[in-house]
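For reference, TrEMBL has these:
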DNA_BIND  152-250  DNA-binding region
DOMAIN    30-144  domain 'Response regulatory'
DOMAIN    152-250  domain 'OmpR/PhoB-type'
MOD_RES   ASP79  4-aspartylphosphate
Amino acid sequence: MSAAAWLSRPWYGCGKAAAQIMRAWREDLKILVVEDERELLTSIGEGLEIDGYYVDLIDNGTEALEMAQIEQYDLILLDLNLPGVDGLDLLRTLRREHSETKVLILSARSSVADRIVGLDAGADDYLVKPFAFGELEARIRNLLRREYTHGETSLVSGELRLDTASRQVFAKDSEVNLTKKETAILEYLMRRAGTVVSSEELLSHAWDSNVDPFSNSVRVHIFSVRKKLREVLGYDPISNKVGEGYYLKEDSDDKDE
């Protein structure tokens, strides 16, 4: 199967939404892609640039190791079968040098033993080829989310506060009892306060991949979150744009009594 078939354009629509999420969390995300198959390397690079990432593309292990040692990357996407320095050797070298850069292996080596070797060498995740670009995007978001939220204690937006460790939600310093999914929805909206978020984005964030995309789960949970917050705040901090999605008002002055 060709690289173009793995990374077809229809996936890129998902990437634009993902890029908006990541921009809200962290600026100037920089990814090094190391892959010796030129067509695949180019396809991944184009997709990630559309998603809003800064990308360096390298097709051999020797140059990749040099770049990884002098540049500060947020993530390295690493093939294993590389000319020059082998991917596993490159990874082990970085870990010996105490590099904490996240590494996601992209490899056709699909056996359990191969994956164990890669993870034991220091990889943070392992994705077997061929893969869908949408899954690659999700793996990247997950790895960068972990890095960004490390050490973070709380999110604050207007009169709302979410403790990211305990998952407690407070409105005007009074705790609001939200369910796990309601909390996930509110957190997503708080991270993107003032920005319209579609139901599809909320589904992908707060539900697993098996959820029915045509269900009314988001609407039901949003209704519950708004009701609980309104009871404490005296106004609804969440608004919606018909046909587009929901957004959290950025401050308490932008409110409907």
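Backbone N, Cα and C atoms are what each Cβ position is placed from, and that goes for glycine too.
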Just to confirm my parser: what is the rounded mean pLDDT across the domain 'Response regulatory' (30-144)?
91
In the domain 'Response regulatory' (30-144), how many residues does DSSP assign to helix, to strand and to coil?
54 helix, 24 strand, 37 coil
Provide the three-state DSSP residue tally for the DNA-binding region (152-250): helix first, then strand, then coil.
37 helix, 23 strand, 39 coil
